[in-house]
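Novice: One structure coming up, written as structure tokens, with questions to follow.
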Amino acid sequence: MRVDRIRLLNFKCYEEAELGLERGVTVVHGVNGSGKSTLLEAVFFALYGSKALDDRTLDDVITTGEDESEVELWFTHDGREYHIERHLKLRGDRATTAKCVLETPTETIEGARDVRREVTELLRMDAEAFVNCAYVRQGEVNKLIHASPSDRQDMIDDLLQLGALETYRERASDARLGVKTVLDGQQEVLEDLHKQVEHKEGKELHERLNGLESRQNDVREEIDRFETQREQARNTLESAENVLERHAETREEITTLETAIEELRSKITETERKRKDANDEIRDLEDRREELAVEREELLAETDLEAGDDDAVETRIADLEARDDELQDDLNEIRVSVTETTSEIERCREAADELESKAEAAREQADDLDAKLEADAEAIEDREAKLEALEAEITAARERFDDAPIAFGEAAEHRDSLETEREALTDEIGDVTADIRTVENAIDEGERLLEEGKCPECGQPVADSPHVDVLDDKREELAELDDRREDLEVKRDELDDRLDRAEELREAERQVDRLEENRENIEQLLAEKRETLAERRDQCEQLREDAETYATDAEDERATADDLEDEVADYRAELGAINTDRGEIKDTLESLRRIAAVGDERDDLAGEIETLRDRRQDWQTMNDERRETLSNKRERKRDLESEFDEDRIETARNDKQNAENYLEQVDAKLEDLESKHDNLQNAIGAAERELEELEELRERLEGVEKRCERLESLYDEAETLQATYADLRAELRQQNVETLERLLNETFELVYQNDSYAAIDLDGEYRLTVYQKDGETLEPEQLSGGERALFNLSLRCAIYRLLAEGVEGTAPLPPLILDEPTVFLDSGHVTQLVSLVESMRDLGVEQIVVVSHDEELVGAADSLVRIEKDATSNRSRLERGEPPQAELLASD
Ligand SMILES: Nc1ncnc2c1ncn2[C@@H]1O[C@H](COP(=O)(O)OP(=O)(O)OP(=O)(O)O)[C@@H](O)[C@H]1O
Ligand SMILES: [Zn+2]
């Protein structure tokens with residue numbers, strides 16, 4: 001087997017690292033704490049998982065601060081390739097295996113336990129065997145030598161898988177002891193059973209049973225004898241009791257008969273009395289019947305019936321009742337008519353009342369209208385007077401135009417033209433006044449200038465006054481203007497007068513308009529009033545006519561009511577007549593019904609009399625029968641009395657007493673015998689049971705004897721097996737020891753060829769003895785530290801080879817892994833170690849991995865791996881080195 005490649009992720013001091021390993025010797029070097037041991041541990045862990053961690057736990061291998069870790073290992077074994085992958089996960093503060101897979105060329109195995117089992121099988125080593133031979137951990141170089149012989153024996157036995165044989169031998173021993181315990185128990189049981197059987201056999205059970213049975217037969221016979229006698233006594237008692245019973249019964253019957261006789265006699269007397277009473281009653285009833293016959297004759301005489309028989313009476317009653325019914329119907333009819341007519345009368349009178357009140361109302365309404373008509377006529381007169389006055393006013397207003405310059409209706413236009421004229425005139429006066437003022441100013445200026453001697457017109461000094469006449473012209477012009485204004489002002493005053501007049505006329509026109517409108521209104525109102533008046537007159541007339549009609553109608557209604565009143569009187573007379581007739585019929589019916597009732601009663605009485613006679617006859621018969629019975633019972637009584645016999649009774653009494661006494665005694669005796677019999681029966685039962693028990697005991701005894709035999713043979717087998725395992729182990733160990741001794745001497749010779757040691761002896765208890773060349777012997781502990789280390793390595797290598805070559809034939813050897821094996825070695829011994837390593841390679845160990853600083857070892861390596869630790873990240877790094885060279889070693 002050899003490791004091809006390993007990959008780590010967050011494994012202890014490695015963050016991410018991958019390393020391929022070659023065949024041959026690989027030396028791993030680096031400073032302390034750089035992670036060399038960790039790399040070897042990783043290989044071990046990849047193969048065996050938690051079993052590779054001793055007392056540490058999974059979380060120790062996960063890099064501090066990380067929560068997952070991965071290890072992958074690729075290896076070749078027996079020409080086939082394998083791959084193991086393990087993932088660890090931190091959950092809380094505990095790590096678990098999240099993934100564990102082993103891929104083999106044929107299958108994929110999952111789960112830590114199955115993977116480990118498969119690896120153990122492949123390498124033929126479990127984890128413990130692996131660290132005891134293939135992987136020599138730091139500081140464990142001397143492990144095997146330092147162990148006590150028995151520990152060493154265990155260790156090596158386990159390595160050689162002889163430990164299992166010891167376990168089997170112990171198991172066989174346990175089994176043997178177990179069988180022994182059971183066997184001892186069974187033998188005790190067997191002894192006990194023997195004792196029980198002997199004890200029971202000593203009791204002579206069969207003889208006892210026979211004696212008991214013959215005694216029981218004797219008792220049985222005696223019981224039979226007493227039972228026969230008891231039966232006889234019982235018979236005697238029975239017949240005596242029968243006689244006494246019969247006697248008692250007879251007496252009882254006589255008493256019963258006496259009572260019956262007495263009863264019969266009193267019943268006969270009673271019935272006779274009843275017969276007499278009935279006879280009296282019949283007589284009374286006949287008297288009553290006679291009285292009723294007389295009454296009927298008298299009543300019949302009062303009627304006009306010729307034949308006085310019941311049928312004629314019934315027929316007459318029926319006729320009269322029919323007649324009465326007819327009358328009743330008539331009566332009802334008339335009553336209905338009376339009611340109807342009476343209500344008709346009432347209706348007529350109410351109608352008359354209503355009509356009269358309507359007439360009254362119409363008249364009152366007409367009177368009211370008359371009053372209104374008068375008022376209307378007055379109002380019309382007033383209006384007519386008003387109209388006349390208005391007419392006069394209008395005429396007066398119009399007359400004012402007679403001497404006017406204009407016609408009626410032109411006043412407004414006229415006034416407007418006058419106003420226009422006046423405005424023009426006023427403007428003209430304004431113009432003239434302005435001219436006058438201008439001229440006056442010019443005159444004043446001229447006079448002032450003139451006084452100063454200047455031209456009044458141009459202001460130039462005037463010496464020779466060429467301009468004076470201009471002033472005069474101005475004065476003339478002013479006078480003309482004044483005149484003109486005066487004229488204009490007169491005209492304006494005139495115009496003002498004419499305007500006033502025009503205004504007056506305009507006012508007259510307006511007045512006429514208003515008055516005429518007023519007149520029109522009044523005329524219209526007047527027309528309306530007149531129309532209303534005419535209407536009211538018609539209405540009034542109509543109302544008076546209506547009143548007349550209502551009054552006439554009312555009178556008619558009253559006349560009708562009076563007529564009906566007469567009719568009702570007639571009806572009432574008729575009613576009286578009918579009631580009288582019905583009264584007579586009622587009386588007649590009453591006496592007729594009495595006649596019928598009397599007839600019925602007489603018939604009833606006849607029936608009653610008949611019944612009584614029959615009953616008397618029945619009683620007669622009954623009493624005859626009773627007398628017959630009575631005489632029978634008397635005879636029977638006499639017979640019974642004659643049967644009575646005192647001697648017989650006395651004998652019976654004595655017999656009974658004797659029998660009872662005997663029975664009492666015999667029962668006690670029999671009881672006694674029965675209990676004796678039962679006791680004997682019980683004793684017999686007990687004896688029989690004991691016999692059965694004896695039989696059972698014998699059967700059990702036989703069974704236990706057989707079991708003991710089987711157990712004994714089992715015990716022998718276990719003993720043999722135990723011995724066999726012990727022999728087998730001794731034999732195998734002897735074989736192994738011989739091989740081991742040979743291999744050990746071979747390797748030892750390789751290492752100590754030139755030294756003073758000759759050979760090593762390994763005995764059956766794995767005791768080691770070293771022979772010096774001079775024949776002296778040494779304990780391994782007596783060797784120097786370095787020698788011990790080499791010696792131990794030799795021993796391990798020997799075991800390693802033995803295991804690999806094995807009992808089952810050669811298997812590919814796993815890599816030999818040595819962690820710091822040179823610690824105790826000086827350079828000479830290192831040389832020996834180198835030759836040991838090389839010899840191992842020659843022996844066919846494909847791969848050897850050594851952690852060491854030693855130059856010589858490094859020099860012997862086929863390849864180098866250098867490990868460095870990054871000072872800042874504190875993570876380890878792997879580096880492949882070239883085959884050893886001086887420079888590399890110098891730098892180490
Ligand atoms: N779980 C972990 N996480 C991180 N670092 C760890 C963990 N466990 C151990 N280490 C560190 O790994 C480093 C490597 O230790 P290792 O024993 O492999 O070193 P070495 O090279 O064999 O040293 P020496 O030459 O002294 O034997 C140590 O410094 C240790 O502190
Ligand atoms: Zn002038």
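Backbone N, Cα and C atoms are what each Cβ position is placed from, and that goes for glycine too.
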Novice: Quick check on the annotation: TrEMBL has Asn32, Gly33, Ser34, Gly35, Lys36, Ser37, Thr38, Gln138 binding ATP, so which of Lys12, Lys51 does it put in that site too?
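Specialist: Checking Lys12, Lys51 against TrEMBL: the ATP site match is Lys12.
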Novice: For the record in TrEMBL, which of the ranges 213-232, 273-292, 873-892 is the region 'Disordered' one?
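Specialist: Going through 213-232, 273-292, 873-892 one by one, TrEMBL gives region 'Disordered' for 873-892.
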Novice: Between Cys455 (Zn(2+) binding site) and Lys12 (ATP binding site), find the distance joining the two CA atoms and give it rounded to the nearest Å.
Specialist: 150
Novice: I'm checking region-level scores; what's the whole-number mean pLDDT for the domain 'Zinc-hook' (408-507)?
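Specialist: Averaged over the domain 'Zinc-hook' (408-507), the predicted model reaches a pLDDT of 85.
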Novice: Going by C-alpha positions, which of the binding-site residues (Lys12, Gly33, Gly35, Ser37, Gln138) is nearest Cys458 (Zn(2+) binding site)?
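Specialist: Result: the closest of the binding-site residues to Cys458 (Zn(2+) binding site) is Lys12.
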Novice: Which one of the binding-site residues (Gly33, Gly35) has its C-beta surrounded by the most other C-beta atoms within 10 angstroms?
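Specialist: Its Cβ has the most other Cβ atoms within 10 Å: Gly35.
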Novice: Which sequence positions outside the compositional bias 'Basic and acidic residues' (873-882), separated from its termini by at least 6 residues, show Cβ-Cβ distances below 8 Å to it?
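Specialist: For the compositional bias 'Basic and acidic residues' (873-882), the sequence-distant neighbours (Cβ-Cβ under 8 Å, at least 6 residues beyond its ends) are 13-15, 17-20, 34-35, 38-39, 863-867, 888.
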Novice: According to DSSP, how is the compositional bias 'Basic and acidic residues' (873-882) divided among helix, strand and coil residues?
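Specialist: Tallying H, G and I as helix, E and B as strand, the rest coil: 0 helix, 6 strand, 4 coil.
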Novice: Which binding-site residues from the set Lys12, Gly33, Gly35, Ser37, Cys455, Cys458 have a C-beta atom lying less than 6 Å away from ligand 2?
Specialist: Cys455, Cys458
Novice: Let me know the DSSP-derived helix, strand or coil state of Ser37 (ATP binding site), please.
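Specialist: DSSP assigns Ser37 (ATP binding site) to helix.
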Novice: I need the neighbours of the ATP site defined by Lys12, Asn32, Gly33, Ser34, Gly35, Lys36, Ser37, Thr38, Gln138. Which other residues of that chain put their C-beta within 8 angstroms of the C-beta centroid, in sequence order?
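Specialist: The surrounding set, listed in chain order, is Cys13, Gly30, Leu39, Ile867, Ser876.
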Novice: Going by a 10 angstroms cut-off between Cβ atoms, which of the binding-site residues Cys455, Cys458 has the sparsest surroundings?
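Specialist: It is Cys458 that, of the binding-site residues Cys455, Cys458, has the fewest other Cβ atoms within 10 Å.
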